[in-house]
Amino acid sequence: MLFFLDRMLAFPMNEAFCFLWIACVFTSALGWQETESFQCDNGVSLPPDCVCDFTDQCGDNSDERHCSNYERCDFEDGLCSMDQNQSLQPSWTKRNGMTGLSPPFYDHNGDKSGKCFKFIFSPLSLPTFLPSFLLHSFLQESGKLMVGLQTACGGPIQHLWQNTAALPNQWERNVIKIQSSQRFQVVFQGQMASTDEQDRVMAIDDVSFSSGCLPANDGILPCQEALNAEQELCHPDTDLCRFDATYEGLRLCQACGFEFDMCEWTSEASAAHISWMRTKAREVPALESTPQQDQRGDDEGYYIWVGAKHAFTVNQLDSMAYLNSSVYHCLGKSCHLQFYYSMEKSVLRVRLYNNKEEEIFWTYNTSTHSQWVKADVLIPEGLKTFKIIFEGTLLSQRSFMGLDHLWVYACGQTQSRKLCSADEFPCTSGQCITSESICDSRQDCSDGSDEEPATCLKHLTCDFESGFCGLNNESYHFPAADHTAQQSPGVAKLGSPVLTKLLTASTPCQVQFWYHLSQHSHLSVFTRTSLDGNLQMQGKTIRSSESQWSHAKIDLIAKAEDSTLPFQLILEATVLSSNATVALDDISVSQECEISYKSLPRTSTQSKVSKCDFEANSCGWFEAISGDHFDWVRSSQSELSADFEHQAPPRDHSLNTSQGHFMFILKESSSLWQVAKLQSPTFSQTGPGCILSFWFYNYGLSVGAAELQLHMEKSHDSTVLWRVLYNQGNQWSEAVIQLGRLSQPFHLSLDKVSLGIYDGVSAIDDIRFENCTLPFPAESCEGLDHFWCHHTRACIEKLQLCDLVDNCGDRTDEVNCAPELQCDFENGICNWEQDTKDDFDWTRNQGPTSTLNTGPMKDNTLGTAKGHYLYIESSEPQAFQDSAALLSPVLNATDTKGCTFRFYYHMFGKHIYRLAIYQRIWSDTKGQLLWQIFGNQGNRWIRKHLNISSRQPFQILVEASVGDGFTGDIAIDDLSFMDCTLYPGNLPVDLSTPPETSVPVTLPPHNCTDNEFVCRSDGHCIEKMQKCDFKYDCPDKSDEASCVMDVCSFEKGSLCKWYQPTAIHLIQDSNTFRWGLGNGMSIHHGEENHRPSVDHTKNTTDGWYLYADSSNGKFGDTADVLTPVISLTGPKCTLVFWTYMNGATIGSLQVLIKKDNFTSKLWAQTGQQGAHWKRVEVFLGIQSHTQIVFRAKRGISYIGDVAVDDISFQDCSPLLGPERKCTVHEFMCANKHCIAKDKLCDFVNDCADNSDETTLICRTSSGHCDFEFDLCSWEQEKDEDCDWNLKASSNPVAGTEPAADHTLGNSSGHYIFIQSLFSQQPMKTARISSPVISKRSQNCKIIFHYHMYGNGIGALTLMQVSVTNQTKVLLNLSVEQGNFWRREELSLFGDEDFQLKFEGRIGKGQHGDIALDDIVLTRNCLSLHESMQEELASPLPTGFCPLGYWECQSGKCYRLEERCNFIDDCGDNTDENECGSSCTFEKGWCGWQNSLVDNFDWVLGVGSHQSLRPPKDHTLGNENGHFVYLEATPVGLWGDKAHFRSAMWRESSAACTMSFWYFISTKATGSIQVLIKTEKGLSKVWEESKQNSGNHWQKADILLGKLRNFEVIFQGIRTRDLGGGAAIDDIEFKNCTTVGEVSEICPEPTDFLCRDKKCIASHLVCDYKPDCSDRSDEAHCALYTRTTGSCNFETSPGNWITDCSLTQDSEDDLDWAIGSRIPAEALIPDSDHTPGSGQHFLYINSSGSKQGSIARITTSKYFPASLGMCTVRFWFYMIDPRSVGILKVYTIEESGLNILVWSVIGNERMGWTYAYAPLSSNGPFRVAFEADLDGNEDIFIALDDISFTPECVTG
């Protein structure tokens, strides 16, 4: 720290002096001589004055180690023992280098955070014998530092040292020797010349004294005791201090503890929005140094504080907060400012401003360590009118400042006066003068005491030398310069403080003043006794002939009835021309009247208005987001340059002139995201009737929208109060907004976003707050109809008690209220109920309603968007005059005075219809109409109260009706009753009229068949499938009357048609475990911890839920509750409900689906889930003729009830008939419905007919996997700690894994999962990887479903890993996500080719599973090898084999299509060995492979007598022979499966058989199955589960028959928890080769039979390559070549489009062309592909192409709808060195939707390549070939010999 003297402002004196004393008084040690030098540890000798001087003079710091005997100060922890004279200005202050804007920026030791002492000009005193110190100066002109010695208080200062040279900006060391025989103090004096420079500094640091200086014991100089006593002689006199109050003129100065409000102190926010905040002590955010009590030690007390925000950056200007006082008037001899402060890492400056704007300030920057410190500052004697500003500066993210108990007080007079007569005034000098002479602005006492402020305190007098003296300049208007006869006069009024006439006065009060009038002016004198009352004329003056000052005396005569009332004196000046003037001086009122400091009453209820017209300043409104060149600024049109004048209105609204001011948006430059935010000052609160209005300008075609938002100080949320959406014309428009009661501090902001295209005029003017104050304190509050607020002392109407609105301001009007008689809808609808006999229900909402220009934007209770209210939604399906009714609780009959119903309503919108209130005494009637209102009432909440009387119990019914349009939302809030009580029973039924029956006993006349349902009201017939389908098909809705309700909250004790199938006598049996309805009020002792105390719907103890009562029944008992049969559900149908399962022995809950007699499990949950409601979703999708069952299973004891609430069927109505054509982004289903294209092939039946999920359409999707059997194209990463395992939902759920998969939604489906078990180590990981996805993929997405549930859950991470191993995390989930499947959809893109990896990490708990299902990579995700199966297996050239061939061990070569075809093409069986062929397992697996997703495996092993496996193999018959057997594992589950499988076999003969030997142990209960997998799916061909009685091998023979592209799979299934006990050996295939086969049986009925009896697939016929060995498949091809779009391009270049029925796409970048020569870049010389004499092909190349260059040809005619019948075949050629070009084939539907069916990227094969693509569509389609060259050069793509199968034409 350093101590500094800073020249901040020029003072009127010529020079400024500052003094600093050492407050510790010293004596010198006489006779001691400081002559010995100091020996450093390193041997260096130092003079004694260099020891302990804060500087390492030795070099080893030994001279600074033992300094406890030295008096010294480095200012790091305060002023040590120094004093400074506070009465002199400027003063010294302590600071560090980071807090100042001027040097020095480091203390003497070079520490920027170190402290020094810096002058702010007052004396500073030091004690010293041998002082040394360091001086820092930054003076450009003369300045002087002097050091002196003082031996007596008030005595002369003996000068010891001075320096007047202008030092450089550096520290300088000085030493002074002093000898004194007396006590002494050392005084530092700083002196600076008066300049205008504000950066002039003088500083001292590191003051130290040698050990010969001995501090005096009592530390006091002679006579200092008397000085201290004199300073304490201040007797505060409350009459001697006043301040300007906002509404009430002058008020007495009182201490402000911030207990109720800010006491006229106002906070001004900085640019960083840091401001002083008033907060209860215990609610202040806890920092290291935050006091948790106010200065009185009360944690419920309030104080104001400022602290660093979270994202705080140290910026000197942005980190300041300002607290401004009103103007103070000090009338005493001296005045003081007293306050308490607490601070940490901050600087607090207290500034004083007088009326000449000069400033004086004190600085505090010590850390108080959470303590409150009292400060008392003496106001300079000459300063009688001043303003105080507390300026807080934050230095770090842990900075804090608090202020409390702010008090300005004046010291009273203590002089005694000489006695004078009763009619005289005693002057201080002893002189007596007449009473009329005092306070007349003339000095009659020789000492002037007759005109002193203390004398004239209660007498109105003003000479205008120091301001307006409390006179209020109320209003003014100046006439324009071009005065005409019709010009209205200019009027200015000067109002006095409130005056009262003394009761002892016998003569009238008299006002005297001097005035000066010009021509065309006059002056009138009035009085008034109320703020808005009539003015009483007391006198009028006009201009005399001489142009000079005139004196006036006017008696103030009051009416008899007003003689004792307080009154105000009004001086009104009127000028009739623009150059006329009126002047006043020396106003005084005689002593018969005195200032009362009370407020005048109002005669009407007109509210005070706070307004801002921006003429003088911005009224505290400011731009909150500066720096983006798009800001709100204050200006006028005349002040703007020509460059910006078009951005502002031509005139303001207040004055309607170009000189008038407003706030407008100034746009200096454009950028994409610019925000202009006009922020208001922070307001403490508002009263209930508060209205905000303003005038706005929003003009221009691109002016955009603006939004006014409300921001509560303690909330991060905002509430939209008002918005304008578009151009409002070249004019000012008015906005009126209801703020209502806001009980917490808040601010407003007017926001506009540019988006870079803003162009227009946005402005605001004349902001007014009306009726926003709370009621003022009242001196009395009498009468039975009024209530006196306890703390604020306001007097309010009794009708405002307990109405849910804080009318008092202290909430004492809302205490001791009956909550059952109030409802603010914040926690449900309380004890009100929705009427069941109306058309629809009220909706509980928060924030705005869903429709623009209707309904409220906030509630009435809180006044923000977080508050709740009820409203009716007037949009469809509601119709005109449909009504919703709300029923109150039943209330008791009233006494003679009745009771009162209060409520707030909101009716805003063009189509508002009707709100009505009824009172009923019968439960089956609507009752008597009490009140109704129609039509739009404005965008505001309106209060209404109704007096009610009744001799019988009654209910109130609130009914709202829908208007003829969707902007008719009606809302209600804050319903309350006064002087009412609840009635415990129900209302009776009106027996005078027959009860209404909703369902007649007999059916109406009809012609319906047995397969149709009869609508009850009119006999209308509908299909029986339409009954109970969540859709009203009958006009009277009777088709859904007996069905389960789509939403059931169980309120009113209703089961919503859910029922229990248990027999009646069992339900009535009290000991049966069963479902029942309950609520928190029905809980018995002992049930508190395992029954919900509140329901989920209302979160109250009286809300109902459904629960299975475990206090009945026994362990394992089940209880079902189920729906009636549901005929049909839609594709999006989801069951949503909330569960509560708490208790030590809780059982389980299952959701089942039942169809006929078959029941399947959809969802399950077991065990304790915690004492709260949990949400569950169960996807149902399309179901028909089903029932939903909730099955509870009882635990081992009564401690654990299973409860459910709020069961809803969401989106369950079936699809309506198709009413429109699909768009270009939609897929057309077979039933003509339209679905989003991303829902195609996502394993969800969105079409309702499954046509979006057929394998014929979805088989080309890569990365598409439902895990029903394996991982599809995803691969398990083998180097991880554990695996993703495949699991069947039908297996018993032992943990937290899903009870049903997502694909099928029942227990027969599969998914993959990792499980947290005790055998697994936490943090182990499992990964699966996708195929490699090309960086060229556009609009590529991954869609998947995941399930993460249980304690100690691990983590699920989805990563994108590039080919260079760059990893990007796309999703990371590490907490429980709920016991249901969740859908996730993510977009994919990258700069490199990449893979996706799902990583599952095992958690620390034993119950926490992560599951995946239904992973979809959308069609636009291009796999690098998805188009050509041949590419996967194509080997690089090896040995002598050419490209595309594999090498046999014998040296021969074979083609890929010759592998795994049951033919030994190599001669040594190399091409068949690894296919999963005939195998004895003596030399390994023979190509058979285990699945990578099973919990356990088949294992290769030998016999063993000690285990479940066979003792001997079958091949050799001994213990050394090998076989495969099911692995035995210590942990397993019943139903787990293990597979081993062959490779893909190409084709088998019709006589093909497979035989094998199997063994099943007598101790095993598992089974073995053989499955065949083809492209059509899985089929089971063999199964065995019987044990061998003799424990020996058995043989199985299976006829495989004619198959193509198939796999053989052996599946072992556990039926016990332990595996093992099953084995396989000696697999053998016989007669499987197709060579020489003469059978005419083919695998598929559509196959083509060659002449040589070989079968080939039909799509291989006439594809320009022979597939039959006798070439018979290419013999008769005219039918194929004539098909639309088929073409070999052997036509003239200009006619190929017509001849081939192909068209160039007009919207692509390039066109295909006919060519005949392959470019020279091809490694293999090649030409046209067409066999025979073909010469031409179609091609595109990238020479000169631009980025994204695309060329497309499309078949010109549509093919008919076709599923799996139509195939396109073609040959392509690609020269693509960088492998970036793409060739794609699309189908194009009639809607324009493009579906990718085939693609290849950068073909690696040389020459012409064959490809084909099956085509399927539910409607007519065309086919497109597209080449995407990506703007790269040297890419060549050619097409030739395109052909379509004949089925494409027939469909």
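Any Cβ shown, glycine's included, is placed from N, Cα and C.
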> Mind checking which of C1650, C1655, C1677 has the disulfide with C1662 in TrEMBL?
Replying inline: C1677
>> Which residue in the list C1212, C1222, C1247 does TrEMBL annotate as forming a disulfide bond with C1234?
In response: C1222
>> Can you tell me which of the disulfide-bonded residues C52, C420, C817, C1247, C1441 is spatially closest to C445 (disulfide bond)? Compare CA atoms only.
In response: C420
> What is the nearest of the disulfide-bonded residues C40, C67, C802, C1229, C1441 to C432 (disulfide bond), using the Cα of each?
Replying inline: C802
> How many Å lie between the Cα of C1043 (disulfide bond) and the Cα of C1229 (disulfide bond)?
Replying inline: 30
>> Nearest by CA distance to C1028 (disulfide bond): which of the disulfide-bonded residues is it, out of C40, C1441, C1460?
In response: C1460
> Quick one: Cα separation, C817 (disulfide bond) versus C1247 (disulfide bond), in Å?
Replying inline: 56
> C1234 (disulfide bond): which of the disulfide-bonded residues C52, C427, C1662 have a C-alpha within 10 angstroms of it?
Replying inline: none
>> Return only the integer: C-alpha distance in Å from C58 (disulfide bond) to C67 (disulfide bond).
In response: 14
>> I'd like the number of other C-beta atoms within 10 A of the C-beta of C1650 (disulfide bond), please.
In response: 18
> Within 10 angstroms of the C-beta of C802 (disulfide bond), what count of other C-beta atoms is obtained when all protein chains are considered?
Replying inline: 21
> How many Å lie between the Cα of C802 (disulfide bond) and the Cα of C1247 (disulfide bond)?
Replying inline: 56
> What count of other C-beta atoms do you get within 10 angstroms of the C-beta of C67 (disulfide bond), across all chains shown?
Replying inline: 15
> For C40 (disulfide bond), which residues in the same chain are close in space, meaning a Cβ under 8 Å from its Cβ, but six or more apart along the sequence?
Replying inline: L46, Q57, C58, G59, D60, S62, D63
> Out of C432, C1222, C1247, C1668, which has the highest number of nearby Cβ atoms, where nearby means within 10 Å of its Cβ, if these are the disulfide-bonded residues?
Replying inline: C1247
>> Between the Cα atoms of C1650 (disulfide bond) and C1453 (disulfide bond), what distance do you get, rounded to the nearest Å?
In response: 26
> Could you tell me the C-alpha distance between C1229 (disulfide bond) and C1222 (disulfide bond) in angstrom, no decimals?
Replying inline: 10
> If you average pLDDT over the domain 'MAM' (821-982), what do you get?
Replying inline: 90
